[in-house]
């Protein structure tokens, strides 16, 4: 105890510096954890946390709704394909971009494909709604090949694919830059000895390039597992409409509509909590695997 | 290196040609939507309605931009956003620096360092979720206040980790020299360290700018008064219901309606909102990869 006091006396400025962050995180990240109790109550805003306890009623109610299972399936479907495409497309692009020998051209391509990543889904949704509408250029373009019109945003079956492809479109530039960085760090002497052994470009790619970036591919795949329940609230909320709820409603949009728009706080919190539990498990698992398999640590 | 890569063969030439064409097409897919948007925003409503606008304005007019700056709520929302970005970035950077500094020390120098670290990092995995956070912000009276947009995310943990790793990479001698000259912890941090942190500050600062500028959701849930909507939230309402915005517009409505329709008006405002991102984008791109590398450095 005495020694602790002595240490603290010497170190107090460090602890003073930490106080603001500790307080802010406590208020905005830890107190809401207490708020999770309303998942077990029939929350009434005027009574607050003194609302009557109902046990697991809210969970039972949620799980027994037919569209809840569908919502989970939609989330996994959309997120799953977004993740798979979000790995494959950038890997292919970084390999192709790596073959471009003109530095300027390489930089221009990189800059252009990277751009949508920095724009908000609100703006991109606005752009997409214009382009993909019945009268938009996409359908005008397709009609010149006698295809369509395709209701990209107005048909339950097409909608989820629109969400998958557009998410990949928004973020593949970002992934490409990561893999490209990995490619440039491959030891050139590997290629030199491969050439001596008579390997052509294709063999070099297959036996040197791909194995060399495999660790980072594995790492990116594992880390994206933590996102398997995030199919993109911003994207879907800005683009969907009641017509496509059947395939487009994901857990996050469901929680928002139920919890905030219809003010069913308890039910919404129950859904959110269910999602958070699985997500916490998935994220911990992905970090654990990333450490074990790829030696990656956040801290 | 050159020996390996500068060989020529017929199949290589074919590949290079196809690769260049393919990459150019992909780059076009990333940039064409924005060029189209720009063309629409400067076109007359009848030309747009007739589908005659592709990449170049038809019946050139600036009425949509005039509308944005005079009739609509674009400018007030822009001011809210600018104010929010300023406030948000200052708060973010201040908290990131003062928190990362003690945490960059090992646990012998700062008692309980690993406990503090856990306390912050756990919030990435476990959180109360949407509804409890919403209830909290409401209860502490932040509804309709700009602080509701700034405080809940006041300390971005990933940015803090990037800063922490950056600080660890600085030579220890600098600090030791300052300490020997009689500088305390605060003086060392603010007078000696701060100037050295510029690259890391630029990196996490740009992350902050982009995330505050692009956020629309907190504006939507925490601002009940639509006059206080930040730009992206206003754009979100615009995407959902722009007829309403035109109907409520003041001024010479007849003239506006003759030259502007939903699509041209929306395009103009969406384009205006992308300009700031396009301006900071070259800087972001430069620092982003640096940030990623910094973030993955093991501590």
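A Cβ is built for glycine as well, from the same backbone N, Cα and C atoms used for every other residue.
What TrEMBL records for A:72-286 is domain 'ABC transmembrane type-1'.
Residues 49, 51, 53-56, 58-59, 265-266, 269-270, 272-273 of the same chain lie 6+ residues outside the transmembrane segment (A:12-40) yet bring a C-beta within less than 8 angstroms of a C-beta in it. Annotation source TrEMBL lists transmembrane segment at A:12-40 (among others).
According to TrEMBL, the feature transmembrane segment maps to A:72-96 (among others). Within the chain carrying the transmembrane segment (A:72-96), a Cβ under 8 angstroms from the stretch's Cβ atoms is held by residues 113, 160, 163-165, 167-168, 171-176, 178-180, 182-183, 205, 209-210, 213, 217, 220-221, 224-225, 227-232, 236, 247-252, all 6 or more beyond its ends.
Per TrEMBL, the feature transmembrane segment maps to A:108-129 (among others).
According to TrEMBL, the feature transmembrane segment maps to A:168-186 (among others). Within its own chain, the transmembrane segment (A:168-186) is flanked in space by residues 82, 85-87, 89-91, 93-95, 97-98, 110, 112-117, 119, 121, 124, 208-209, 212-213, 216-217, 220, 235, which lie at least six positions past its ends and keep a Cβ under 8 Å from the stretch.
Long-range contacts of the transmembrane segment (A:206-229) within the same chain, counting only residues at least 6 positions beyond its ends with a Cβ under 8 Å from a Cβ of the stretch, are 75-76, 79-80, 83, 86-87, 91, 94-95, 98, 175, 178-179, 182-183, 186, 190-191, 194, 199, 251, 275, 278-279, 282-283, 285-287, 289-290, 293-294, 296. The feature transmembrane segment is assigned by TrEMBL to A:206-229 (among others).
Residues or ranges marked as transmembrane segment by TrEMBL: A:265-290 (among others).
Long-range contacts of the transmembrane segment (A:265-290) within the same chain: residues 35-36, 38-39, 41-43, 45, 51, 54, 58-59, 61-62, 68, 219, 222-226, 228-230, 251-252, 254-256, 258-259, 296-298, each at least 6 residues beyond the stretch ends and with a Cβ under 8 Å from a Cβ of the stretch. Sequence-distant contacts of the transmembrane segment (A:108-129), counting only residues of its own chain at least 6 positions beyond either end whose CB sits under 8 Å from a CB of the stretch, comprise 93, 97, 100, 152-153, 162, 166, 169-174, 176-177, 180, 232, 234-235, 238-239.
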